[in-house]
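First up is the structure itself, then whatever we jot down about it.
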Amino acid sequence: MASESVSVLFKLYCLTVMTLVAAAYTVALRYTRTVSSELYFSTTAVCLTEIIKLLLSLGMLLRETGGLGRCRSAVVSHIFRSPVELLKLSVPSVVYAIQNNMAFVALSNLDAAVYQVTYQLKIPCTALCTVLMLSRSLSRLQWFSVFLLCGGVTLVQWTPPLSTKVQVEQNPFMGFMAIAVAVLCSGFAGVYFEKVLKSSDTSLWVRNIQMYLSGIVVTLIGVFMTDGAQVMEKGFFYGYTPWVCLVVFLASVGGMYTSVVVKYTDNIMKGFSAAAAIVLSTVASVVLFGLQITVTFLTGALLVCVSIYLYGLPKQDTSRLQKPSADRDKQKLISV
(Lines of atoms letter the chains of each structure in order from A and count residues from 1; the text may use other names and numbers.)
(Lines give C-alpha, C1' and ligand atoms only; values in the text may rest on other atoms or scores of the structure.)
Protein backbone atom coordinates (compact mmCIF):
# COMPACT_ATOMS: atom_id res chain seq x y z
CA MET A 1 0.00 0.00 0.00
CA ALA A 2 2.76 2.38 0.87
CA SER A 3 4.47 1.61 -2.38
CA GLU A 4 1.57 2.62 -4.63
CA SER A 5 2.73 5.03 -7.30
CA VAL A 6 0.79 8.06 -8.42
CA SER A 7 1.17 10.41 -11.34
CA VAL A 8 2.96 13.74 -11.26
CA LEU A 9 -0.33 15.40 -12.17
CA PHE A 10 -1.97 13.97 -9.06
CA LYS A 11 0.89 15.23 -6.89
CA LEU A 12 0.58 18.67 -8.48
CA TYR A 13 -3.14 18.61 -7.77
CA CYS A 14 -2.51 17.72 -4.12
CA LEU A 15 0.08 20.48 -3.87
CA THR A 16 -2.31 23.10 -5.22
CA VAL A 17 -5.22 22.08 -3.03
CA MET A 18 -3.08 21.79 0.11
CA THR A 19 -1.60 25.25 -0.43
CA LEU A 20 -4.93 26.96 -1.03
CA VAL A 21 -6.67 25.16 1.84
CA ALA A 22 -3.89 25.89 4.35
CA ALA A 23 -3.72 29.58 3.47
CA ALA A 24 -7.49 30.07 3.30
CA TYR A 25 -8.09 28.18 6.55
CA THR A 26 -5.57 30.28 8.48
CA VAL A 27 -6.94 33.61 7.29
CA ALA A 28 -10.61 32.61 7.63
CA LEU A 29 -10.11 31.22 11.13
CA ARG A 30 -8.27 34.38 12.16
CA TYR A 31 -11.12 36.48 10.78
CA THR A 32 -13.85 34.56 12.62
CA ARG A 33 -11.98 34.73 15.95
CA THR A 34 -11.24 38.46 15.89
CA VAL A 35 -13.99 40.23 13.93
CA SER A 36 -17.27 38.62 14.94
CA SER A 37 -19.07 40.17 17.93
CA GLU A 38 -20.83 36.91 18.89
CA LEU A 39 -17.91 34.54 19.23
CA TYR A 40 -18.76 30.91 18.49
CA PHE A 41 -17.50 28.01 20.58
CA SER A 42 -14.29 26.66 19.08
CA THR A 43 -14.89 23.23 20.64
CA THR A 44 -18.14 22.81 18.69
CA ALA A 45 -16.36 23.74 15.46
CA VAL A 46 -13.69 21.09 16.07
CA CYS A 47 -16.36 18.48 16.86
CA LEU A 48 -18.36 19.36 13.75
CA THR A 49 -15.19 19.07 11.68
CA GLU A 50 -14.65 15.51 12.91
CA ILE A 51 -18.23 14.58 12.00
CA ILE A 52 -17.87 15.96 8.47
CA LYS A 53 -14.54 14.17 7.99
CA LEU A 54 -16.20 10.91 9.08
CA LEU A 55 -19.00 11.38 6.52
CA LEU A 56 -16.50 12.23 3.79
CA SER A 57 -14.44 9.13 4.60
CA LEU A 58 -17.55 6.94 4.48
CA GLY A 59 -18.32 8.38 1.07
CA MET A 60 -14.80 7.68 -0.17
CA LEU A 61 -14.94 4.12 1.22
CA LEU A 62 -18.25 3.57 -0.57
CA ARG A 63 -16.64 4.71 -3.80
CA GLU A 64 -13.56 2.55 -3.23
CA THR A 65 -15.50 -0.65 -2.45
CA GLY A 66 -17.94 -0.09 -5.33
CA GLY A 67 -21.14 -0.92 -3.50
CA LEU A 68 -23.14 -0.37 -0.34
CA GLY A 69 -22.94 -4.03 0.68
CA ARG A 70 -19.14 -4.20 0.40
CA CYS A 71 -18.81 -0.88 2.20
CA ARG A 72 -20.97 -2.15 5.05
CA SER A 73 -18.95 -5.36 5.26
CA ALA A 74 -15.70 -3.39 5.44
CA VAL A 75 -17.07 -1.16 8.21
CA VAL A 76 -18.37 -4.12 10.23
CA SER A 77 -15.15 -6.09 9.80
CA HIS A 78 -12.67 -3.31 10.55
CA ILE A 79 -14.68 -1.17 12.97
CA PHE A 80 -17.16 -3.17 15.04
CA ARG A 81 -15.20 -6.43 15.04
CA SER A 82 -11.77 -4.85 15.58
CA PRO A 83 -11.87 -2.97 18.89
CA VAL A 84 -8.08 -3.18 19.22
CA GLU A 85 -7.57 -1.39 15.90
CA LEU A 86 -10.16 1.19 16.89
CA LEU A 87 -8.35 1.79 20.16
CA LYS A 88 -5.04 2.07 18.31
CA LEU A 89 -6.41 4.87 16.11
CA SER A 90 -7.89 6.67 19.11
CA VAL A 91 -4.39 7.86 20.05
CA PRO A 92 -3.89 10.24 17.10
CA SER A 93 -7.54 11.33 17.27
CA VAL A 94 -7.06 12.52 20.86
CA VAL A 95 -3.82 14.27 19.96
CA TYR A 96 -5.31 15.88 16.85
CA ALA A 97 -8.29 17.12 18.88
CA ILE A 98 -5.89 18.87 21.26
CA GLN A 99 -3.95 20.28 18.30
CA ASN A 100 -7.08 21.70 16.65
CA ASN A 101 -8.23 23.38 19.84
CA MET A 102 -4.77 24.88 20.35
CA ALA A 103 -4.95 26.32 16.83
CA PHE A 104 -8.07 28.27 17.81
CA VAL A 105 -6.35 29.60 20.93
CA ALA A 106 -3.22 30.58 18.99
CA LEU A 107 -5.05 32.38 16.20
CA SER A 108 -7.18 34.24 18.73
CA ASN A 109 -3.97 35.77 20.14
CA LEU A 110 -1.63 36.02 17.13
CA ASP A 111 -1.72 37.40 13.61
CA ALA A 112 -2.25 34.88 10.83
CA ALA A 113 1.21 35.41 9.32
CA VAL A 114 2.97 35.02 12.69
CA TYR A 115 0.97 31.87 13.37
CA GLN A 116 1.65 30.37 9.96
CA VAL A 117 5.42 30.89 10.13
CA THR A 118 5.83 29.88 13.78
CA TYR A 119 3.72 26.79 13.25
CA GLN A 120 6.38 25.50 10.84
CA LEU A 121 8.27 24.32 13.93
CA LYS A 122 6.19 21.18 13.39
CA ILE A 123 8.81 20.20 10.78
CA PRO A 124 11.75 19.70 13.20
CA CYS A 125 9.34 18.15 15.68
CA THR A 126 8.12 15.75 13.00
CA ALA A 127 11.73 15.04 12.01
CA LEU A 128 12.61 14.13 15.59
CA CYS A 129 9.54 11.91 15.92
CA THR A 130 10.38 10.25 12.60
CA VAL A 131 13.91 9.42 13.79
CA LEU A 132 12.71 8.12 17.15
CA MET A 133 9.51 6.32 16.10
CA LEU A 134 10.25 5.11 12.56
CA SER A 135 14.02 4.54 12.93
CA ARG A 136 14.81 6.71 9.93
CA SER A 137 17.86 8.91 9.47
CA LEU A 138 18.20 12.49 8.26
CA SER A 139 20.98 13.91 6.13
CA ARG A 140 23.22 16.75 7.29
CA LEU A 141 21.42 19.11 4.93
CA GLN A 142 18.08 18.20 6.48
CA TRP A 143 19.36 18.75 10.01
CA PHE A 144 20.86 22.07 8.86
CA SER A 145 17.47 23.07 7.52
CA VAL A 146 15.96 22.25 10.90
CA PHE A 147 18.27 24.71 12.68
CA LEU A 148 17.76 27.26 9.89
CA LEU A 149 14.04 26.95 10.44
CA CYS A 150 14.41 27.56 14.17
CA GLY A 151 16.45 30.69 13.40
CA GLY A 152 13.77 32.02 11.09
CA VAL A 153 11.02 31.36 13.61
CA THR A 154 13.09 33.11 16.30
CA LEU A 155 13.28 36.21 14.11
CA VAL A 156 9.54 36.14 13.64
CA GLN A 157 8.95 35.97 17.40
CA TRP A 158 11.67 38.46 18.29
CA THR A 159 10.16 41.30 16.30
CA PRO A 160 6.51 40.57 15.56
CA PRO A 161 4.42 42.69 13.15
CA LEU A 162 3.85 46.19 14.53
CA SER A 163 0.10 46.54 14.43
CA THR A 164 -3.12 45.41 12.80
CA LYS A 165 -6.66 46.68 12.38
CA VAL A 166 -7.95 44.06 14.79
CA GLN A 167 -9.14 45.76 17.96
CA VAL A 168 -9.33 42.87 20.43
CA GLU A 169 -7.31 42.04 23.51
CA GLN A 170 -4.60 39.51 22.70
CA ASN A 171 -2.06 37.57 24.70
CA PRO A 172 0.98 36.76 22.51
CA PHE A 173 2.55 34.56 25.20
CA MET A 174 -0.57 32.40 25.37
CA GLY A 175 -0.63 32.29 21.59
CA PHE A 176 2.96 31.05 21.34
CA MET A 177 2.39 28.49 24.12
CA ALA A 178 -0.67 27.19 22.25
CA ILE A 179 1.44 26.87 19.09
CA ALA A 180 4.10 24.94 21.05
CA VAL A 181 1.50 22.40 22.16
CA ALA A 182 0.03 22.21 18.66
CA VAL A 183 3.50 21.63 17.18
CA LEU A 184 4.23 18.73 19.53
CA CYS A 185 0.83 17.21 18.84
CA SER A 186 1.27 17.59 15.08
CA GLY A 187 4.67 15.89 15.05
CA PHE A 188 3.69 12.94 17.20
CA ALA A 189 0.23 12.32 15.73
CA GLY A 190 1.43 12.61 12.14
CA VAL A 191 4.26 10.11 12.55
CA TYR A 192 2.12 7.77 14.64
CA PHE A 193 -0.61 7.76 12.00
CA GLU A 194 1.95 7.18 9.25
CA LYS A 195 3.35 4.20 11.14
CA VAL A 196 -0.10 2.66 11.59
CA LEU A 197 -1.13 3.41 8.01
CA LYS A 198 1.95 1.94 6.35
CA SER A 199 2.32 -1.09 8.62
CA SER A 200 -0.71 -2.84 7.08
CA ASP A 201 -2.76 -3.05 3.87
CA THR A 202 -5.92 -1.69 5.48
CA SER A 203 -7.70 0.93 3.39
CA LEU A 204 -6.81 4.56 4.03
CA TRP A 205 -10.50 5.42 4.40
CA VAL A 206 -11.06 2.63 6.91
CA ARG A 207 -8.19 4.02 8.97
CA ASN A 208 -9.71 7.48 8.72
CA ILE A 209 -13.10 6.20 9.88
CA GLN A 210 -11.47 4.48 12.84
CA MET A 211 -9.67 7.69 13.80
CA TYR A 212 -12.61 10.03 13.27
CA LEU A 213 -15.00 7.88 15.31
CA SER A 214 -12.72 8.22 18.31
CA GLY A 215 -12.20 11.89 17.45
CA ILE A 216 -15.94 12.59 17.62
CA VAL A 217 -16.16 11.02 21.08
CA VAL A 218 -13.12 12.96 22.29
CA THR A 219 -14.29 16.30 20.90
CA LEU A 220 -17.82 15.85 22.28
CA ILE A 221 -16.30 15.32 25.70
CA GLY A 222 -14.26 18.47 25.13
CA VAL A 223 -17.38 20.45 24.21
CA PHE A 224 -19.20 19.61 27.43
CA MET A 225 -16.15 19.87 29.68
CA THR A 226 -15.07 23.25 28.32
CA ASP A 227 -18.25 24.99 27.16
CA GLY A 228 -20.97 22.65 28.41
CA ALA A 229 -23.01 25.20 30.37
CA GLN A 230 -22.85 27.86 27.66
CA VAL A 231 -23.65 25.38 24.90
CA MET A 232 -26.73 24.21 26.81
CA GLU A 233 -27.80 27.83 27.30
CA LYS A 234 -27.02 29.33 23.89
CA GLY A 235 -27.04 26.28 21.62
CA PHE A 236 -24.46 24.17 19.79
CA PHE A 237 -24.38 26.48 16.76
CA TYR A 238 -24.29 29.77 18.65
CA GLY A 239 -22.32 32.43 16.78
CA TYR A 240 -22.12 30.43 13.55
CA THR A 241 -21.96 32.53 10.39
CA PRO A 242 -21.19 31.65 6.76
CA TRP A 243 -17.54 32.44 7.55
CA VAL A 244 -17.54 29.95 10.42
CA CYS A 245 -19.09 27.32 8.17
CA LEU A 246 -16.29 28.01 5.69
CA VAL A 247 -13.70 27.46 8.43
CA VAL A 248 -15.28 24.11 9.34
CA PHE A 249 -15.38 23.08 5.69
CA LEU A 250 -11.74 24.03 5.11
CA ALA A 251 -10.67 22.19 8.26
CA SER A 252 -12.52 19.08 7.09
CA VAL A 253 -11.01 19.13 3.61
CA GLY A 254 -7.57 19.87 5.07
CA GLY A 255 -7.83 16.86 7.36
CA MET A 256 -8.77 14.59 4.48
CA TYR A 257 -5.87 15.80 2.36
CA THR A 258 -3.50 15.34 5.27
CA SER A 259 -4.21 11.61 5.26
CA VAL A 260 -3.81 11.46 1.47
CA VAL A 261 -0.48 13.28 1.74
CA VAL A 262 0.79 10.80 4.32
CA LYS A 263 -0.01 7.96 1.92
CA TYR A 264 1.05 9.31 -1.47
CA THR A 265 3.31 12.35 -1.30
CA ASP A 266 6.81 13.27 -0.19
CA ASN A 267 8.54 15.99 1.77
CA ILE A 268 9.21 18.10 -1.32
CA MET A 269 5.50 18.57 -1.98
CA LYS A 270 4.73 19.32 1.65
CA GLY A 271 7.62 21.79 1.81
CA PHE A 272 6.53 23.74 -1.23
CA SER A 273 2.94 23.70 -0.01
CA ALA A 274 3.87 25.04 3.42
CA ALA A 275 6.11 27.75 1.96
CA ALA A 276 3.45 28.86 -0.52
CA ALA A 277 0.82 28.93 2.24
CA ILE A 278 3.04 31.28 4.26
CA VAL A 279 3.28 33.69 1.34
CA LEU A 280 -0.44 33.59 0.59
CA SER A 281 -1.55 34.01 4.21
CA THR A 282 0.88 36.91 4.69
CA VAL A 283 -0.45 38.72 1.63
CA ALA A 284 -4.01 38.10 2.81
CA SER A 285 -3.18 39.45 6.29
CA VAL A 286 -1.81 42.66 4.76
CA VAL A 287 -4.97 43.14 2.70
CA LEU A 288 -7.59 42.06 5.24
CA PHE A 289 -6.11 42.99 8.62
CA GLY A 290 -3.72 45.83 7.73
CA LEU A 291 -0.71 43.84 8.89
CA GLN A 292 2.49 45.91 8.96
CA ILE A 293 5.49 43.70 8.31
CA THR A 294 9.02 44.63 9.36
CA VAL A 295 12.29 43.73 7.63
CA THR A 296 13.10 41.33 10.47
CA PHE A 297 9.79 39.55 10.01
CA LEU A 298 10.38 39.25 6.25
CA THR A 299 13.88 37.89 6.88
CA GLY A 300 12.54 35.27 9.27
CA ALA A 301 9.78 34.29 6.85
CA LEU A 302 12.36 33.97 4.06
CA LEU A 303 14.57 31.73 6.20
CA VAL A 304 11.57 29.55 6.99
CA CYS A 305 10.71 29.17 3.30
CA VAL A 306 14.33 28.32 2.40
CA SER A 307 14.63 25.81 5.23
CA ILE A 308 11.38 24.10 4.23
CA TYR A 309 12.70 23.72 0.70
CA LEU A 310 16.08 22.36 1.86
CA TYR A 311 14.40 19.91 4.21
CA GLY A 312 12.36 18.56 1.32
CA LEU A 313 15.36 17.89 -0.91
CA PRO A 314 15.88 14.13 -1.35
CA LYS A 315 18.94 12.77 0.39
CA GLN A 316 21.31 10.28 -1.16
CA ASP A 317 20.79 6.72 0.02
CA THR A 318 24.40 5.67 0.50
CA SER A 319 23.45 2.28 1.89
CA ARG A 320 22.02 1.23 -1.47
CA LEU A 321 25.12 2.44 -3.28
CA GLN A 322 27.52 0.63 -0.99
CA LYS A 323 25.83 -2.74 -0.80
CA PRO A 324 26.55 -3.83 -4.39
CA SER A 325 30.27 -3.00 -4.04
CA ALA A 326 30.39 -4.92 -0.78
CA ASP A 327 28.77 -7.90 -2.47
CA ARG A 328 31.31 -7.75 -5.29
CA ASP A 329 34.15 -7.71 -2.76
CA LYS A 330 32.72 -10.82 -1.12
CA GLN A 331 32.50 -12.56 -4.50
CA LYS A 332 36.13 -11.67 -5.21
CA LEU A 333 37.25 -13.11 -1.88
CA ILE A 334 35.28 -16.28 -2.50
CA SER A 335 36.70 -16.71 -6.01
CA VAL A 336 40.24 -16.25 -4.68
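Using the three backbone atoms N, Cα and C, a Cβ is placed for every residue, glycine included.
As recorded in TrEMBL:
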- 12-33: transmembrane segment (TRANSMEM)
- 39-62: transmembrane segment (TRANSMEM)
- 141-160: transmembrane segment (TRANSMEM)
- 172-193: transmembrane segment (TRANSMEM)
- 205-225: transmembrane segment (TRANSMEM)
- 237-260: transmembrane segment (TRANSMEM)
- 272-291: transmembrane segment (TRANSMEM)
- 297-313: transmembrane segment (TRANSMEM)
Hey, which bits of the same chain come close to the transmembrane segment (39-62), Cβ under 8 Å, at least six residues off its ends?
32-33, 68, 71, 74-75, 93, 97, 100-101, 104-105, 203, 205-206, 208-209, 212-213, 215-216, 219-220, 222-223, 226-227, 230-231, 236-241, 244, 247-249, 251-252, 255-256
Which residues, given as numbers and ranges, are at least 6 beyond the ends of the transmembrane segment (172-193) yet have a Cβ under 8 Å from it?
89, 91-92, 95-96, 98-99, 102-103, 105-110, 114-115, 118-119, 121-122, 125-126, 128-130, 133-134, 157, 160, 207, 211, 258-259, 262
For the transmembrane segment (272-291), name the stretch out of 12-33, 205-225, 297-313 with the most CB-CB pairs under 8 Å.
12-33
In the same chain, who gets a Cβ under 8 Å from the transmembrane segment (237-260) while lying at least 6 residues past its ends?
14, 17-18, 21-22, 24-25, 28-29, 31-32, 36, 38-41, 44-46, 48-49, 52-53, 56-57, 60, 96, 100, 190, 193, 197, 204, 207-208, 230-231
